[in-house]
Amino acid sequence: MGIKTALPAAELGLYSLVLSGALAYAGRGLLEASQDGAHRKAFRESVRPGWEYIGRKMDVADFEWVMWFTSFRNVIIFALSGHVLFAKLCTMVAPKLRSWMYAVYGALAVMGTMGPWYLLLLLGHCVGLYVASLLGQPWLCLGLGLASLASFKMDPLISWQSGFVTGTFDLQEVLFHGGSSFTVLRCTSFALESCAHPDRHYSLADLLKYNFYLPFFFFGPIMTFDRFHAQVSQVEPVRREGELWHIRAQAGLSVVAIMAVDIFFHFFYILTIPSDLKFANRLPDSALAGLAYSNLVYDWVKAAVLFGVVNTVACLDHLDPPQPPKCITALYVFAETHFDRGINDWLCKYVYNHIGGEHSAVIPELAATVATFAITTLWLGPCDIVYLWSFLNCFGLNFELWMQKLAEWGPLARIEASLSVQMSRRVRALFGAMNFWAIIMYNLVSLNSLKFTELVARRLLLTGFPQTTLSILFVTYCGVQLVKERERTLALEEEQKQDKEKPE
């Protein structure tokens, strides 16, 4: 079935009406549950005073989000504003030294935040992978990179290396793991690109400029070295038409998203409710499904805000960073499921595509996904819940290929060929709806807890069968059809754009 297959406008209107009504109904259930549970003893630690003048408390269960926009807000603004200011001055006065300014400012910021010994620790890892790159053996560079990453994820080395951080503060562990892990991935990218292009003679200075670019340092996203080096080496970068307007719009959207999350957390305690399973079990089925869905949406919003702020600064520096992740609402295939495009690009370039090739053969695809999720497990930090998450998502990615091969099998292919293109789209959307909930359940394991995931699965699939199960499946089907319609519109717009660009 082609992506350009259209459905009747009345049918799409019905889907929109059903989806809007279902979301409103689930939202009302969550709002009532949040109001009822605001004063529960189990909520005292994570539901704190908020808008007292209207009697609303605030969900503060996400430690990182609260720290970013309270105690560390001014530090973040000061550090990024200083970076933008010095970058602008350097671009005006000495554009050839622009990349050096990025590295020096970033290194000083890291040293001021984490201490000089931590900076020396990272320099040691950088030098180690630089030396490995001189040998020109990709397998050695990747192996050493993974060993370095493991040293930041497993005891006793992680405990020893964390001792290099000076002082103690709230976000110390988050910054330590973020800065260290991203440093290893960047250094590994540098080493692999050096092996792939020995004629370019990359230097240690190039690696340091790449690694200590402050906006990307602690939280990413990660750009592969070849892309970063090509963009940052432009002596006189030129902005595209309308680029500044796009940067301002991106910054504005980030501010709006931050305000929206703040407002949302005063009315919906979506992060706190799952911690009290007895209370969560009393929710209506629709509200429970909405709670599971909203947990993934929030994680996407959190990533989009983080990368939106960082990418705004990077765009001011004339870089083209990885875009924020695709909204979870638009994901109904495992192949597009990722919450960090930078890490996804890194894994695809150096592992997944290298092993899987065209991703059309079952055995190479299985090997590629196993290798990719093995590295992802190491990146996230090996533990039981991460093992389970990796297994489920690895299975989901391969299961999609198996189903695709099955659909291409003679009898099934002939059955689909006998259907109209509209009916084929409807059948595929039905499978997409089931896949959508598989994505939610598989990722809810790591974003929340295994017990909460078991509760959702039991209520929606067992005790709620068939009424709840089929109702939620139909609502999801409506959503998938609307996503497909959006994809169809974008494909047509892209085709028209390409036609206009063709010489007459």
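Positions of Cβ are set from backbone N, Cα and C atoms, glycine also.
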Practice prompt. Check each of the ranges 127-149, 196-218 against Swiss-Prot and return the one annotated as transmembrane segment.
Written response: 127-149
Worksheet item: Among the recorded stretches 12-31, 100-122, 288-310, 429-446, 461-483, which has the greatest number of Cβ pairs closer than 8 Å to the transmembrane segment (65-87)?
Response: 100-122
Discussion item. Please tell me whether the transmembrane segment (461-483) and the transmembrane segment (12-31) touch - that is, whether there are at least 3 C-beta pairs under 8 Å between them, with each pair 6 or more apart in sequence.
Written reply: yes
Worksheet entry | Long-range Cβ neighbours of the transmembrane segment (251-273) (under 8 Å; 6 or more residues past either end) | 27, 30-31, 33-34, 37-38, 43, 46-47, 50-51, 56-62, 65, 69, 279-280, 283, 291, 294-295, 298, 301-302, 304-305, 308-309, 312
Worksheet, complete the sentence: If one takes Cβ-Cβ under 8 Å and requires six or more residues beyond its ends, the residues near the transmembrane segment (429-446) are 292-293, 295-296, 328, 331-334, 337, 380, 385-386, 388-389, 392-393, 396, 400, 403, 452-453, 456-457, 460, 472-473, 476-477, 479-481, 484
